[in-house]
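In TrEMBL this protein carries:
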- 1-11: compositional bias 'Polar residues' (COMPBIAS)
- 454-563: domain 'TMC' (DOMAIN)
- 1-27: region 'Disordered' (REGION)
- 135-162: transmembrane segment (TRANSMEM)
- 194-217: transmembrane segment (TRANSMEM)
- 237-257: transmembrane segment (TRANSMEM)
- 264-284: transmembrane segment (TRANSMEM)
- 330-352: transmembrane segment (TRANSMEM)
- 364-385: transmembrane segment (TRANSMEM)
- 405-428: transmembrane segment (TRANSMEM)
- 463-481: transmembrane segment (TRANSMEM)
- 520-545: transmembrane segment (TRANSMEM)
- 566-587: transmembrane segment (TRANSMEM)
- 634-655: transmembrane segment (TRANSMEM)
């Protein structure tokens, strides 16, 4: 009966002003059936194509009708039963079958997503903020695993196969003049056959001994080009191009992920009207499970509101400062920033001195192990102590809470990445004799041979020790700090223990630790090809260790990184780490002379020299094409085209940004309109209640109330007419 009555009834369009007068309310007004301008609904018509909706006079789409969901579902079912059978039914069935197959395939592939249920459980108990850390960790695990497959396919497996098949007899090596450089060819890291277990352990953790003479490091790979039965494989060229494609692959993956997070950041970015309403009505995480997680989320909401109010208070206070107070505040901030720079500079100086002392001392045993790990220990200690001091100093600068958090993160990022750069710069200074390759120490090998017989392997060992030491520190912190702290807090009722509480899981510092670890891997990938595989295993163990400590020892932080662009910020920091590693790669490939006694580039003046030598071995057509691609005739037009394309994309982005700003302003105006309408409804309801309570007075021959009180913007507002049609809707 409801469907029949709705089909027989005709509904007006909600345009203002109405041509049918103001005798009925908007919800209950009807118009004569003979009017063809009214919108009607045909039950038998299928949902129309949105592209043809504007150019046709057919009934409106089902989504546009003011019906509740139950009635819309019933209308849709009637439409599906009355869809006409066309001649291309076979194509429709094929498309439906293909669509169902795609849906089933996507559903099946969800079972192969790494750690899907575990990450969903983490998000359900601790919210989306903590879940974002584990999603970022999973992204790095997959990135390192795919990079390991790339390196294994083009460098590791061919080297193992050619060495095991003893194919080096059919190999060719570049012919160079070895006069006066016989001393540079002496490099024999092969360990003794009989060794005690303690020596094996020292070699394992330091990358020396049997670890140094293995596929783990640069020095073990050969410099030959394999030729057998019409097949040739240039190992030095494959080694260099694999490293280049590895960096390019990581860059593409980061850009794709940053594009997705940037779109989310633009859609949910700040500056939109009604920030408090969005937080209260749409900010709840419905995946939370348990009362503890719910209470933590409520506390997080309360803190975010407090932060917003505190920022508004600080803005008003900053606007009311006098000139003298403003000058004193900025002077205080300048002094505190100088103190922070002094701390960071002292850290860099300590890292440089520790690196020089570690490289100059030659000691065996446990003392030698400590000396080898001295730069790693100084870097780890500085990354722990200096950010804590910077956080305390940031509280004295009297910034807003969000600005304080962002400033602390930027200082921590700068400290971590630049400390790694200081370590590498110190190594380059010692390897190249401070850039003076013609000095006595660097003659005749053009690098400091006495200390660095295979300098590429030494750099790879430093990156290997940094990766391993970071993992050991994480495990030691879990066992020696977090577990005892949880036991003391749970079993001790004293006030100091309860005041300290369980350790909070801070998302931002943990993500920055992952970024630092990945930057170390990128830096050492050229000198330690298996480092991405080691980092894959390390991050997998990180996942399970962090998951255990999260559920057993930690609680979510009540003060999270309050920014909708946090994921984009973390990826941007990761991109900075990639740029640092790229600078190291380019400098090593183009500037420093390779070691004569080890590695695939031992007889080349630079690592890059293998590329033009390989191009000369091609046929004339291929060589001319590659030379043209590398010449100015191709690079200059490509640069101009890239600039034009960049300008076009920038203009398109500007237009889209203006469109987004216009839509946001329209949303703000709509909110103001709704607030105005709500106030109008409240005033009319109050007036009507007041009239009902007063005794009825004889009617005056004046204009009715709703003809004067309901006028808005020179038009009648029919939504507030007091008359109602007694007929049912």
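Note that Cβ sites are derived from N, Cα and C of the backbone, with glycine treated the same way.
Because the structure is a prediction, the values reported are computed rather than measured.
Under 8 Å from some Cβ of the transmembrane segment (520-545) lie the Cβ atoms of residues 115, 134, 137-138, 140-141, 144-145, 147-148, 151-152, 155-156, 215-218, 221, 239, 243, 246-247, 250, 420, 424, 456-457, 459-464, 466-467, 470-471, 474-475, 478, 514, 577-578, 580-582, 584-585, 588-589, all in the same chain and six or more residues away from its ends. Taken together, the residues in the domain 'TMC' (454-563) have a mean pLDDT of 84 on the 0 to 100 scale. Across the domain 'TMC' (454-563), DSSP assigns 83 helix, 6 strand, 21 coil. Through the fold, the transmembrane segment (634-655) approaches residues 628 of its own chain, all at least 6 residues removed from its boundaries and within a Cβ separation under 8 Å.
Spatially, the transmembrane segment (194-217) is not adjacent to the transmembrane segment (405-428); fewer than three Cβ-Cβ distances between them are under 8 Å for residues at least 6 apart in sequence.
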